[in-house]
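Below: one structure, written as structure tokens.
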Amino acid sequence: MRCFFRWTKSFVTAPWSLIFILFTIQYEYGSGKKYGGPCGGRNCSVCQCFPEKGSRGHPGPLGPQGPIGPLGPLGPIGIPGEKGERGDSGSPGPPGEKGDKGPTGVPGFPGVDGVPGHPGPPGPRGKPGVDGYNGSRGDPGYPGERGAPGPGGPPGQPGENGEKGRSVYITGGVKGIQGDRGDPGPPGLPGSRGAQGSPGPMGHAGAPGLAGPIGHPGSPGLKGNPATGLKGQRGEPGEVGQRGPPGPTLLVQPPDLSIYKGEKGVKGMPGMIGPPGPPGRKGAPGVGIKGEKGIPGFPGPRGEPGSHGPPGFPGFKGIQGAAGEPGLFGFLGPKGDLGDRGYPGPPGILLTPAPPLKGVPGDPGPPGYYGEIGDVGLPGPPGPPGRPGETCPGMMGPPGPPGVPGPPGFPGEAGVPGRLDCAPGKPGKPGLPGLPGAPGPEGPPGSDVIYCRPGCPGPMGEKGKVGPPGRRGAKGAKGNKGLCTCPPGPMGPPGPPGPPGRQGSKGDLGLPGWHGEKGDPGQPGAEGPPGPPGRPGAMGPPGHKGEKGDMVISRVKGQKGERGLDGPPGFPGPHGQDGGDGRPGERGDPGPRGDHKDAAPGERGLPGLPGPPGRTGPEGPPGLGFPGPPGQRGLPGEPGRPGTRGFDGTKGQKGDSILCNVSYPGKPGLPGLDGPPGLKGFPGPPGAPGMRCPDGQKGQRGKPGMSGIPGPPGFRGDMGDPGIKGEKGTSPIGPPGPPGSPGKDGQKGIPGDPAFGDPGPPGERGLPGAPGMKGQKGHPGCPGAGGPPGIPGSPGLKGPKGREGSRGFPGIPGSPGHSCERGAPGIPGQPGLPGTPGDPGAPGWKGQPGDMGPSGPAGMKGLPGLPGLPGADGLRGPPGIPGPNGEDGLPGLPGLKGLPGLPGFPGFPGERGKPGPDGEPGRKGEVGEKGWPGLKGDLGERGAKGDRGLPGDAGEAVTSRKGEPGDAGPPGDGGFSGERGDKGSSGMRGGRGDPGRDGLPGLHRGQPGIDGPPGPPGPPGPPGSPGLRGVIGFPGFPGDQGDPGSPGPPGFPGDDGARGPKGYKGDPASQCGPPGPKGEPGSPGYQGRTGVPGEKGFPGDEGPRGPPGRPGQPGSFGPPGCPGDPGMPGLKGHPGEVGDPGPRGDAGDFGRPGPAGVKGPLGSPGLNGLHGLKGEKGTKGASGLLEMGPPGPMGMPGQKGEKGDPGSPGISPPGLPGEKGFPGPPGRPGPPGPAGAPGRAAKGDIPDPGPPGDRGPPGPDGPRGVPGPPGSPGNVDLLKGDPGDCGLPGPPGSRGPPGPPGCQGPPGCDGKDGQKGPMGLPGLPGPPGLPGAPGEKGLPGPPGRKGPVGPPGCRGEPGPPADVDSCPRIPGLPGVPGPRGPEGAMGEPGRRGLPGPGCKGEPGPDGRRGQDGIPGSPGPPGRKGDTGEAGCPGAPGPPGPTGDPGPKGFGPGSLSGFLLVLHSQTDQEPACPVGMPRLWTGYSLLYMEGQEKAHNQDLGLAGSCLPVFSTLPFAYCNIHQVCHYAQRNDRSYWLSSAAPLPMMPLSEEEIRSYISRCAVCEAPAQAVAVHSQDQSIPPCPRTWRSLWIGYSFLMHTGAGDQGGGQALMSPGSCLEDFRAAPFVECQGRQGTCHFFANEYSFWLTTVNPDLQFASGPSPDTLKEVQAQRRKISRCQVCMKHS
């Protein structure tokens, strides 16, 4: 137990444990990559020296941005995002194209009576009617209204003079106020009758209007007839007027004198007629008595006709009148409807044939003989992919190209000691490997730590291969500011307003302004001066006649007075209008300059527009202030461009070395003591039951087994117990050689003979023998050392017990066992060191069936099933209406296989095949003749370091100078990736390197390459013979899937497909089949197109050695050789002086690119980037060359970046110590030491030196010598030194030419099925397949659309004689022939007529195809055919008058093309009603929802019956030419069957029984639904028949607030069965269907007619089905019955 803990402790604390842990971490983080070679490619034979790590260098400059990486692999499908917000309504789309003509609608119900129309226009003048009888005398009319007063009469005769009035003394009277108007005079006679007015329409009586203003008096009327009335009596005196105002007092003399009356003056001239006065007010009514009624006047002239009165009531039916005269002949009527088909007429007369018209096509002739084999046709379309190929082994392939040189072999055994007295001979050929020696005695115990003296620095090695990528480095320092080539950003917001500007200088005078608008009126002006006297006015109108003045007594006539004084000034007049604007004045003089001493600053102006961006200013000084807190981490930047190569780093510090006492093997020692017991091993198979426990006798030693393949070196073990001290070796101890790099594993050696034979002389290398027979199966090798533990696999199924294994070889005798009691079980040990993976075991027996796994995800849609058996022939349908010329049909099924074609042209030589499998080793060949000397071979790979040889003879003391430098060694193995180094300083730009070699093929397949250019077109095939044109058939329904055709010729290469998903692992093959017999040679194929270049193949095996070449030209000087073996150590020299530092070397060239790295694991998805600003469209660049341009010059180094934040601690534990730095340059040589002792001459003059003494303890390290000066160049005369150890690997050579192909190996066994590869390119189209068997006859297609108008038909046969008795014959005049009318549209087909004595019937339906006959020999060419029958007569003449309708035909009419849809609401297809052919069946689609919007289907239209069911029968496409399917939560809703509601969503086959089936039938008329809104079944209208009764289904909603409804006229609104959940929701993306809680169906309810307009309905909840059905309205679907 204690030992165990000690062991565990030593294991955990040993440095190997750290390596072990790191190895597992490396395995974890590196996706399990292993590095070839022991110890992961490191040199384990040297002591591990771990120098301290140097201080961190300055950060290098930021490298240029790397190129954009290749397109990453397609990421995994993301989880569905949350439901997006509802998008804005889209803009209305463009108007769609005009749709097709819809089907004929159902005849509508009669409309409501229209409103009476407007009165029509007056008819033409009628003929004069017959004179009527005199009418009876009418009743007297009502008295008319009072007429208007007549005009004033003429003045009467003058009256007689009255009596003289009395004289009056007037004392200044005034004119009195006008008296009241007198009474009106008597009415005048009526005027003459005016002209007849046009009659007005009869208006409604209006309300009385308001009184209008008094109009101006009219002009006087015409003079009336002279009145004959008598003078009336004088009226009574008027009333006394009011008192007038007092007048001015006139002094009149009193009448003391007598006044004389003057003489009557002369009558004045009549005055001018005054203007008419204003009309007087209406007078009071007169007082006269009403006169008697006058006698009736003469009849007036005939009035104009009145307007149309309202229509009268209908009169009684009159007596039948006498027959009228025959009318005139009318115009020709339009062409009548087509009558029913008449009886067949008598045969027509044979006319002379019209030559140009072509005859009617004849009946099809008998089948012709087989023609000769035609020319090879063009390649057919690509066939379907063929079945997977057989898994038998193929024939032996051609020899592959030579393989890559093998790995270096293991170190050879030590050679035989050379003779001490001979000069060194040529190096011998390598001997056969010796037997393993016996174990030596144990050496002395080693000290814990051995110090090595540091060796001399070796020459600078070549650059090693690029190692695998290192772990991710720490976060780098913050980069310098990048150059911004971004476009300028958007314009910023306006800045703050600037300070007010200084006062500007005075501006120039402006141009004169426009005229201003009219100003407001001014204030009233001051009083103006009096104006000048006006001109005399025009003559005024004459005044009214004055009244007669009173008599004035005047004595004297006065003189004319003088002019009076001016009157007082008048009042100011009104304002005059404003005057017009004046003309602009002349320009004034400039005014004096203003004073701005005390001017206040103006108000702040508006902010100015932003100025253009300024030029970049110089960089400002650093700002003040403390540095702010570090900002949040920014988004990851774009990857930078790859930097140019940096300068080489400075030389590292010298590392410490550990001295290794290398001891060489002594004689074989005694056997060592038993080691401590090992760790507990893995449990072995159960052994056979043991005997009792007495010790057994020691067995005999077994024969040595064959040496196994050495396993990889194990981890370093604990220090062993000290062994027995060995005897002193005989060899003098040489100085330690430089450590060699470990060689790769050599090939397995031939087992030596157990007897110790001397090694024989090596033979010449033989030529490769012919391939040998396959050897027997070899014995199993010894088990290798344990490999690392594999990743635990998933537990397999339990297999049955295996067969008993064969008995193993006897083991090595074990140590004697201890007492036989069984010990207590130990604590479980630590996990053992990893073992190597074992060979794959034989395939196990098939295990027991496992438990059922969880349901997998829904699979892809399966392949179409096998074709069903052909159904029975259906009844023959009625002939369809002739359809239009159909479009080109679908491509036909492949025909029967044709006879084999003629051999094609020889193909171009194919590409080189992939290397074949390794051949079995051949028999040993006989020794060939010696070949010519070959050229100097390439340097071989470095061999493993051999064991130290015995000391050779002392050489002749030839004072040789330093040898030429040795050849460069092969490249070393790639090391582990080191920690990320510190950033180096930036290097100068190197020259462009040579192109690197092709890298090894990557582990993962790269993205598909760009399509290559298309190959040259193949030669054109010979033209095929043209076929006869067939009759275009109706488009059939799609037939069953035919048998697969034979493969077509290769098609054109398709675009590379997207990479398919990884296939499932196939079942292992049971065992290899024997190779099949050799097939017949195929016929040469067509010339293929140039294929897509294949991926680069793996290197093939090494081919046989070619014949020796002719001696070549002598090669150029080789590279200097390796340094020679170290000489004996000289005496220690004096320390030299310190040398000057050497000049700095130039930067080296760029290295070649390393091999492609292993593809890393998928990174986690990055954050979404911000939306970039929209860039401006760039100009199109010139197309670049195909190659990349040379890299640009290196930019100036940027400023040093700011110090970055400290990184978070890394995940990994501290890494391994870095590798030792490169050796420094050699120092100058020290001064020469004193001469050594003279060496022994070859002639034996000097005695042998004594044996060397024991070695003393190592002295302390001396101070480091000063490098000596460089030596002088050696002489060429002297001997060249022995070849030194191989140097470090040289640069990789250029790639050699491919070797010749190797021998063909036997076919290998079938491998297990590989994993499914990526999707291949589509194959080239195969040759045309065999013709398939003819399909079964399809169902009759639906009637096609109405075809175009056909050519004019032949003239019909004469019809039957008309029925003379039914109509009276009125002979008509012959009509004038009308002009030729346009060609009429094709009429509807007539009803089917009576069967006539028919001519030959139409050919019946095609019979089933007979078996192919034997092809006959070609017959002789036929005779020339007879002349065809006469063609049709010419175009028809102009149409005659409309014929009488024909007699009614017999038989059923053709169907009309109306469609009827039936939904069964079960999973059974419904049957069509009798007499209605079924067009198709399908599944009942109710509506679909896409993008959260529903689109409803009317269940009465054929679109609701989809022939194929899918949970998502649609995709959606956008304007970017991209379509998406099953990318959103789109849904479809289907009518459901009566299956019980499921608990879980339905998927796959479960769905079928829940979807209602439907059928589409052709009906003779349109069907409509009628609804009762109560529990009774509503009756169909008269002459309509019932199709089904049901329940009134109104509308439905599903997910969200979306849904639809049924038109109540549509048969879809009458479902035969009522269900609360009549439909099911299918979620397209999941492929499942379910009845969800948010599905609602809406049904018309029953309504009591008495409660139609009553208060609101009473709420109710119905849970029982019968109660629900009683509440739902009933309906019936009816169709017009003709």
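Note: Cβ is positioned from N, Cα and C throughout, glycine not excepted.
Per Swiss-Prot, the cysteine from CYS1367, CYS1558, CYS1561 that shares a disulfide bond with CYS1472 is CYS1561. Of the listed cysteines (CYS1580, CYS1614, CYS1626), only CYS1614 is recorded by Swiss-Prot as the disulfide partner of CYS1675. Taking the C-alpha positions, the distance from CYS1472 (disulfide bond) to CYS1678 (disulfide bond) comes to 14 Å. Confidence in the domain 'Collagen IV NC1' (1457-1682), given as mean pLDDT, stands at 93. If you measure from the Cα atom of CYS1523 (disulfide bond) to that of CYS1675 (disulfide bond), you get 43 Å. Following the DSSP three-state reduction, the secondary structure of CYS1614 (disulfide bond) is strand.
Around CYS1517 (disulfide bond), the C-beta neighbours below 8 angstroms that are at least 6 residues distant in the chain are CYS1523, HIS1524. Within 10 Å of the C-beta of CYS1523 (disulfide bond) there are 10 other C-beta atoms, taking all protein chains into account. Considering only the recorded positions ASN134, CYS1558, CYS1626, CYS1633, CYS1678, CYS1614 (disulfide bond) has CYS1678 as its nearest partner by CA-CA distance. The separation of CYS1561 (disulfide bond) from CYS1678 (disulfide bond), Cα to Cα, is 15 Å. When the alpha carbons of CYS1558 (disulfide bond) and CYS1626 (disulfide bond) are compared, the span between them is 18 angstrom. With respect to ASN134 (N-linked glycosylation site), the closest of these disulfide-bonded residues in Cα terms is CYS1580, chosen from CYS1505, CYS1580, CYS1626, CYS1633, CYS1675.
Around CYS1580 (disulfide bond), a 10 Å sphere centred on its CB holds 18 further CB atoms from the protein chains shown. Cβ-based neighbour count (10 Å, all protein chains) for CYS1626 (disulfide bond) stands at 25.
Taking Cβ-Cβ distances under 8 Å and a sequence gap of 6 or more within the same chain, the neighbours of CYS1675 (disulfide bond) are ALA1569, VAL1570, HIS1571, SER1572, PRO1578, ILE1589, GLY1590, TYR1591, SER1592, SER1613, CYS1614, LEU1644. CYS1505 (disulfide bond) and CYS1633 (disulfide bond) are 18 Å apart (CA-CA, integer value). Using CA atoms as reference points, the disulfide-bonded residues CYS1505, CYS1561, CYS1580 were checked against CYS1626 (disulfide bond), and the closest is CYS1505.
Annotated pair CYS1505 (disulfide bond) and CYS1561 (disulfide bond), C-alpha to C-alpha distance, rounded: 11 Å.
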